[in-house]
Amino acid sequence: MIKAIIGKIIGTRNDRWIKQYKKQVLTINALEPTYEKMSDVELQNAFEELKKRVRSTEKDLQEKTLLEVLPESFAITREASKRILKMRHFDVQLIGGMVLNDGKIAEMKTGEGKTLVATLAVALNALKGESVYVVTVNDYLAHRDSKEMEPLYHFLGYSVGTITASVRDDDERLEIYSKDIVYGTNNEFGFDYLRDNMKYSLEHKVQKSHAFAIVDEVDSILIDEARTPLIISGPVDRRMENYNKADEVAKSMQVEIDFTIDEKNRAILITEEGIKKAENLFGVDNLYKIENAALSHHLDQALKANYLFFIDKDYIVANNEVVIVDEFTGRLSEGRRFSEGLHQALEAKEGVSIKEESQTLADITFQNYFRMFSKLAGMTGTAQTEATEFLEIYNLEVVSIPTNLAIKRKDLNDLIYKSEKEKFDAVILKIKELHDKGQPVLVGTASIEKSETLHALLKKERIPHTVLNAKQHTKEAEIIKDAGLKGAVTIATNMAGRGVDIKLTDEIKELGGLYIIGTERHESRRIDNQLRGRSGRQGDPGTSQFYLSLEDNLLRIFGSDRIKGVMEKLGLKDGEHIESKLVTRAVENAQKKVENLHFESRKHLLEYDDVANEQRKSVYKFRDELLDASYDIGAKIAENREYALNQIFSKLKAFDHQNLSEEELLGLKNVLKEDFNAHVALEDLEKASPIEKFVAEKLKSDYENKMKVLDSEQRSRIERIVYLQILDNAWREHLYTMDNLKTGINLRGYNQKDPLVEYKKESYNLFLEFIEDIKIEAIKTFSKIQFENEQDSSDAERYLDNFSEEREHESVTYRHEETLDEDLNVAMKAFAKTPKRNEPCPCQSGKKYKDCCAKSGPKKGLFAK
């Protein structure tokens, strides 16, 4: 209340920002007459001078220089746009451009020309000479926006490229990323970053820098997509029959008897009766014994699949596959898969072929990918409801830009009915009334199932209409464009078709413009606002209204008791509704509860990913060093050799050979032979003093002797590529271990321990172990390389060329959870096979290799226990 009063007196923070930007607008406008008089060549030369000025400035002062040249850059870009695109930037669009350049989010209503606004900040920031990325939600928008704006950028002397899923050739992608301005989707940019960090040559990396990115529909990408990490993965060996068995058990269990459902948190809680039934059906005496952990996990996922996930709402079945439906856009998320075995559980539920689970090979969240950029900005029509999250997670402030023309759309109060049937009856009546009048209507639904229900009702009433949901996503832009035609009735799942303008004729404006009907409130107010925002663009007339029922998910789960009480007191008859600001406010409060739950969920995911992100950055930085030909790999190998020997000698009773028993000396001899391919006579070990120096010099001289056949360039390249392979294999194993740790970490809460604190502590220890493993594995591997002559070295180089080529061209596609067709653990022919860290130890101790011989060495001689 006090905040609102102060805001009215001195203006809000947003008002003060707009006031500052308006001063700059006056400066830009004052330059317009000067540039209008220039010829095209003179205008282009003026822009070239700006490039020279910015690029001649020291790197850390370039941002300051950009602010100095902003008025000229914006004025030239506007003049160029007038000549090339026949579009002049409005004053409010200039403000939007300045907001983007300041690394903020510009909230601009539908139809205000966000695509044109972006050109101002893009052209300005590209002056620095580093690629600027423009990020969109789908390939269609990336291609459309780049093609529309390309003539303008070319006039200004910039090159433009577009990255879409259809660009498969590596050389072509490399060429596109070399452009000054690159358009593409969030998925393409994210996966290219991951793929870059699986490359075996710096020259093959496509993303050279992360200087500046503008994210269009920023709320969709940085909020809605934030819970879905980008994952590249390979197959994991799991028994497929377990999924089917778990599905059978889940289908036989009864709600409230064998398990309860927590709809708010989308969780299943198995009762004691349910545990007994499951144990009986699985044929085990204790479902939660360690050896039955996989079964209990499969059952949890099968229960979720059968009782929390619904066909035509959360997913569809097409071409013998389970395909996810994006809960925010209603689009099909082809190629994306639920993790932790849930997708396989859905496949078992629907009786389609079950695909293997996969092991993570590389992953990153959108949060951590986009936070890498030196400067990040965004555009959307709906951001204020998530302003806190944008600021807290991304350090992005939201600035609401005034519209060029006043909004004339009428947003009517919600109408609430007792049942879904009554609600849909009322919706059909309203659609019929509008259709008879010729006024176009866009109807928003929350799921495919509801859009199909509405489709059937309209068909029954013989009202011509078009349905746009995940099943018709290929015609999305075309259908949405036609939604403003006379008499058009369009049903859209959530906000499919976002980014495509619905333009109205004067006749339609006379009829009242586009009428929006929402058939259900979404969990997020922002999605509802997006639906409303399809109407009333650029001062057009329009109307929006939501029709709700007490049976809607949002009201049923979060907010119906109070509203239901009001309806009962009013004694409403069938077909009657209530309409009041009080009720609308109650619905919005329910939405705020859900939004907060989702925010906490995304924040929780980020807290965990931040732990992995620090490790990821460290590993990727080391990878880049190894790819650099100037890196002193010889020093790294020497350091690893010293570390490996220290590990061996730290296990000896003493560092003086006189105190070593014959058995220990024999054990040392065997370890040197088996792990380091070093042949040392027992009597030499007995004579050596100090023994550590003797062994170190022996390993070093053996290695140097066999590397003599290589010239310095050959040697450096072979050593760096081999080390990269060791690093990559160890990193993949580490990610697998981290996945397993994350899966079970929440159980620590039952032991009164904070799961996040435990995760941080254990993941840190795992990372230290990972680093140690690399050092030991590296020196073992290098010790076993054999080059007897120059032919061997030439063969090795050819092998490494092929190896690098294979690694970079494995079957990687651009998906939310990638699946590689082949086993990625490629080993050089010359190396002895070492078990994976999580495989059973070959010594048959019953322990995992990492907990056994990987630490202590073979069970003989020196390390016998």
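A Cβ is built for glycine as well, from the same backbone N, Cα and C atoms used for every other residue.
Counting every protein chain shown, 19 other Cβ atoms lie within 10 Å of the Cβ of Thr115 (ATP binding site). Thr115 (ATP binding site) falls within a helix when secondary structure is assigned with DSSP. The annotation ATP binding site is assigned in Swiss-Prot to Gln93, Gly111, Glu112, Gly113, Lys114, Thr115, Asp501.
Positions annotated as Zn(2+) binding site by Swiss-Prot: Cys841, Cys843, Cys852, Cys853.
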Just how many other Cβ atoms lie inside 10 Å of the Cβ on Lys114 (ATP binding site)?
23
In chain order, residues whose C-beta lies under 8 angstroms from the C-beta of Gln93 (ATP binding site), counting only those at least six residues away in the same chain, are Glu112, Gly113, Leu116, Val117, Leu120, Asn404
Would you list the other residues of this chain near ATP - those whose C-beta lies within 8 angstroms of the C-beta centroid of Gln93, Gly111, Glu112, Gly113, Lys114, Thr115, Asp501 - in sequence order?
Met108, Thr110, Leu116, Val117
Looking only at Glu112, Asp501, which of these binding-site residues has the biggest number of Cβ atoms within 10 Å around its Cβ?
Glu112
Could you tally the C-beta atoms, other than its own, that fall within 10 angstroms of the C-beta of Gly111 (ATP binding site)?
21
